[in-house]
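Engineer: Got a structure for you, questions after.
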């Protein structure tokens, strides 16, 4: 979605109604599908780094589990929190050193999660 920021995306176009209502069906959120549908997979490294900064709510330089749990709320205040299973799967994909958070090295892993072509750059 060229020209649109993380704050102006419409969740209804990329999530199921269950994701929005708070009644998910068996861990329905898939971060890979979400990234593609909102166009994050076609953004530059710098743009993805900005998304990292938005998700890092406490500005610690890390995205912790509690920040990931509230991931959808960064797009719409009325969205649900991710389930524990969804959050853990999301975190595991970006936690490059096993410390339970996505940080300095994980930022690169976060970019690689979103833009697979960056894995070879």
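Using N, Cα and C of the backbone, Cβ positions are placed for all residues, glycine too.
According to TrEMBL, the protein carries these features:
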DOMAIN    43-78  domain 'EF-hand'
BINDING   56, 58, 60, 62, 67, 99, 101  Ca(2+) 1 binding site
BINDING   95, 97  Ca(2+) 2 binding site
Engineer: Roughly how many angstrom lie between the C-alpha atoms of residue 97 (Ca(2+) 2 binding site) and residue 62 (Ca(2+) 1 binding site)?
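Structural biologist: Just about 12 Å between their Cα atoms.
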Engineer: For the Ca(2+) 1 site given as 56, 58, 60, 62, 67, 99, 101, which other residues of the same chain have their Cβ within 8 Å of the site's Cβ centre?
Structural biologist: 61, 63, 64, 102, 103
Engineer: I'd like the Cβ neighbour count for residue 56 (Ca(2+) 1 binding site), meaning other Cβ atoms within 10 Å of its Cβ, all protein chains included.
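Structural biologist: I count 18 other Cβ atoms within 10 Å of it.
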Engineer: If you count Cβ atoms within 10 Å of the Cβ of residue 58 (Ca(2+) 1 binding site), leaving out that atom itself, what do you get?
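Structural biologist: The answer is 10 other Cβ atoms.
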Engineer: Looking only at the domain 'EF-hand' (43-78), how are its residues distributed among DSSP helix, strand and coil?
Structural biologist: 20 helix, 2 strand, 14 coil
Engineer: Fewest other Cβ atoms within 10 Å: which of the binding-site residues 95, 97 wins that one? Let me know.
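Structural biologist: Ranked by other Cβ atoms within 10 Å, the binding-site residues 95, 97 bottom out at 97.
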